[in-house]
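Sharing a structure with you now.
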Amino acid sequence: MLAQAATADVAPANPKRPGLSALARFWPFIEPAKWRFIGAVVFSLVSTLSGLVIPLVTQHIIDGPIAHRHFSALWWPTLLVFGLGALDALGVWLRRLIVARPSSQLEITLRAKLFAKLQSLSIGVHDGWDSGQLLSRAVQDMSTLRRFSAFAAPFLVINTITIAVGIVVMLFLSWPLGLVVVICSIPVLFICKNFQQKYRIVSRLAQDQTGDAATIVEESVQGIRILKAFGRSGHLGRRFIRQVATLRGTELKKVHNEATLWALISGIPAIAIGLILAIGTWSITADRMTAGTVVAAITMATFLQWPTISLGFLLAELNNAGTAADRYWEIIDAPVDIQNPATPRTLPVPVSGRLEFRGTTFTFPDGSAPVLRDVALSIEPGETVALVGVTGSGKTALTTLVPRLYDVTGGSIAIDGVDIRDLDLTELRSVVTVAFEEPILFSASVRENVSLGAPTATESEIRQALDLAQATDFVEGLPWGLDTRVGEQGMSLSGGQRQRLALARAVLGTPRIMVLDDPLSALDVNTEAKVQAGLKAVLRESTTLLVAHRPSTAALADRVALLDGGTIAAVGTHEELLASSARYRYVMGSVHV
Ligand SMILES: Nc1ncnc2c1ncn2[C@@H]1O[C@H](COP(=O)(O)OP(=O)(O)OP(=O)(O)O)[C@@H](O)[C@H]1O
């Protein structure tokens, strides 16, 4: 939501100048702190420009007190130099102090918007992104943007103004010497422009390759058990080395580009100083210039050397930030395909929970053929229907459509007669709860994991749900009971334990509609029987779509729907289908329960 609001008030990217226009789109985020950023630039300018006064003081000392041997007149220029030094230090201190807060705030804001956007995107969009790419955008790219806002952006402005002011002062000091600096600046401009074009491409490549390397690390950590068990750690290790070697090649290209730029723009100011020295010396001997003017011009040209050279580094940072900005907006601009309707309809109160598939057809976003075709099935309030079919027949696909993780591509799904696409997503997802075959737990306490969909659930409701899922005994055996941290950063649980917590999460608060994708697959026969007994009580209260692979799970249901070839081939009780459908007997392995 936040992210959508953000995209609404920013200008679209200019495809001809991707990096720069992408950076310009951050203005709405910077605007509230603009005075701090402007203040930082002003303080730095005061600090830097105070350095430009020193050559003028030097000129005054050489042509005044030194030339006329009036050493008593030295005290005020000396004091002025001390004062300028203090001003310089104060400017540096103030800049760092006032810019740190808004730039780190910018980083937080951008990360929060990125996170909100990632949450709002559908599973279909997520299927198309590598997790490492998202990780590197959320972490590395955001840090690049913070550094740019705090350092490179202000100094690009400061150094450009310093060079411009320095050239004007030089022209006033001595127009022929100033002209030398102007002429030498022209190639610097061309070199910088050329560098920008080349560096942008290689910078984008490096940032994408960093994302690919992060993906390999992430996959290898997630799948560490499989890799070890199959002895394939070395294989992934080699893939990682190949990826980082490719990245190294790209980084070397970046360094090569930077080195060429630095060499060229370091050489040009040195040529300018040489020319000033030669022309100045000749002018002194021809009595056309004072020694003080020539020394001041050389000091000034030397002073301008660093702002000029540092343009190379700052332009590289500008390109890195432009690339990071492009990558940021690519995510923020990704269309939110599963959205709240403009004027949502509400469900009748109380919700009875009639779930209807009306000619439901579905093709995965990256799929070529429909996985589900014209599915027609109606589940009455409080009824439990088991969904049965061979592996790959589309059972999971059908379950993901009910909470709108994906949207139907044909037909519709309705709850109490209302098309789920007309419902507010929050309302829909508070009416429908899900438990998938692969139970996902977060790095949080058992309590937080179980009450994920019902944060206001009471202690006794949580305990009731755990009882039902036959999870109470093992949860009480955990070191801190309900408060034990589980998930990636906590206690490791067995597959069956995780599945029972996921089931407790789904049944908590007895939701109107439950979608359970084979929730008992990892349980032993005895535990499964106990969970089934408990489930039967809840299933009477809720409308349930229950994916079943085993006859014992299918037998829990009031009716069974056989999914075959992407469509509902038969509906009846478990016993009826066993008697009437050869296909059902085949799917159930011809066993009697
Ligand atoms: N994200 C996806 N993108 C494209 N195709 C997919 C995607 N997920 C699954 N499929 C394909 O859709 C078909 C149905 O998959 P689904 O997971 O719904 O089957 P299932 O009946 O639940 O299988 P199982 O019983 O093995 O869990 C399969 O052919 C699968 O390869």
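Even glycines carry a Cβ here, placed using N, Cα and C.
Sharing the feature lines straight out of TrEMBL:
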type	residues	note
TRANSMEM	37-62	transmembrane segment
DOMAIN	38-320	domain 'ABC transmembrane type-1'
TRANSMEM	74-94	transmembrane segment
TRANSMEM	150-171	transmembrane segment
TRANSMEM	177-195	transmembrane segment
TRANSMEM	261-282	transmembrane segment
TRANSMEM	294-316	transmembrane segment
DOMAIN	355-590	domain 'ABC transporter'
Count, for each of 37-62, 177-195, 261-282, the Cβ pairs lying under 8 Å from the transmembrane segment (150-171), and report the range with the highest count.
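It is 37-62 that shares the most Cβ pairs under 8 Å with the transmembrane segment (150-171).
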Of the stretches 37-62, 177-195, 294-316, which racks up the most C-beta pairs under 8 Å with the transmembrane segment (74-94)?
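Between the stretches 37-62, 177-195, 294-316, 37-62 has the largest tally.
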Could you tell me what the rest of the chain brings near the transmembrane segment (177-195), counting residues at least six beyond its ends with Cβ under 8 Å?
163, 166-168, 170-171, 257, 260-261, 264-265, 268-269, 271-272, 275-276, 279-280, 293-294, 297, 301, 304, 308, 311-312, 315
